[in-house]
Amino acid sequence: MRLLLATRNLKKLDELRRILATSPALVGVELIGLNDVPEYPEAPETGLTFAENALLKAREGVKYTGLPTVADDSGLAVDALSGMPGVFSARWSGRFGNDYPHGKDVANLELVLDQTHDVADDKRGAAFICAAALVLPGGDGNREHLVSGQMRGRLLRAPRGLGGFGYDPIFQAEGHTRSTAELTAEEKDAISHRGQAFRALAAVIAKQLKP
Ligand code: ITT
Ligand code: NA
């Protein structure tokens with residue numbers, strides 16, 4: 001059984017592989033990344049919600065490869081910014097920049113810090129949200145499954161930590177004293193929006209994909 005993980009974000013791909021690999025139900029399912037698929041097209045991301053975008057990305061995978069495909073659409077919703085950057089998280093500043101601190105471009109994270117500079121400590125609530133879609137090819141039309149996960153927390157005032165990616169250095173999960181970039185990979189997966197969504201999806205994948 002082969003399953004396509006349709007993401008171009010290598011850090012996200014690492015997390016998906018890690019989370020799905022810990023699911024006993026998925027033993028024997030071969031996980032294919034987009035680097036294994038030549039000339040993969042740009043997936044449309046025109047939805048207004050995480051769920052719509054996750055479905056769009058997973059449908060594109062099925063259309064192009066014929067393989068059962070999973071996709072993730074995720075982002076940071078900041079209370080004081082009315083839920084923004086939300087579905088625009090990957091390029092909130094107008095530039096892609098999700099590899100902090102390994103990449104050079106921290107424009108998105110810096111912009112959110114600037115925009116929340118005057119927000120008081122007790123109003124700094126935020127959540128990471130992840131929608132995860134599984135689309136299965138079928139003669140009589142695709143079958144589609146959607147799940148989601150959420151991690152509540154608060155925005156810090158300056159970046160901390162070298163782990164994770166994207167906005168992790170400025171986010172502290174509820175009940176934690178370290179940023180999500182200061183957690184180990186296993187600690188983040190255990191509580192993250194992506195961990196929750198893909199552990200739920202793993203059960204669906206196993207049921208739908210295995211004979
Ligand atoms: P694909 O669409 O190819 O999967 P992408 O990075 O563009 O890659 P999204 O459109 O889902 O993916 O954008 C997600 C953005 O939200 C991501 O680039 C980060 O800026 C942010 N984000 C999502 N999950 C995160 C996490 O666990 N930690 C930190 N930032 C995260
Ligand atoms: Na998106």
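Numbers here mean position along the shown chain, with the first residue as 1.
Cβ coordinates are placed from backbone N, Cα and C, and glycine is handled just like the others.
Predicted automatically and left uncurated, TrEMBL annotations should be read as such.
Going by what TrEMBL states, the substrate site holds Thr7, Arg8, Asn9, Leu10, Lys11, Lys12, Phe165, Gly166, Tyr167, Asp168, Lys188, His193, Arg194, and the candidate of Ser74, Ser82 recorded there is Ser74. Among the recorded positions listed (Thr7, Lys11, Asp73, Asp168), Asp73 have a CB atom closer than 6 Å to some atom of ligand 2, in sequence order. Following the DSSP three-state reduction, the secondary structure of Ser74 (substrate binding site) is strand. Sorted by the number of other CB atoms within 10 A, the binding-site residues Thr7, Asn9, Ser74 start with Asn9, the lowest. Distance between Cα atoms for Asn9 (substrate binding site) and Asp73 (active site, proton acceptor): 11 Å, as a whole number. Of all the binding-site residues listed here (Lys11, His193), the one with the fewest other CB atoms within 10 A of its own CB is Lys11. Binding-site extent for substrate: residues Thr7, Arg8, Asn9, Leu10, Lys11, Lys12, Ser74, Phe165, Gly166, Tyr167, Asp168, Lys188, His193, Arg194, maximum pairwise Cα distance 21 Å (rounded to the nearest whole number).
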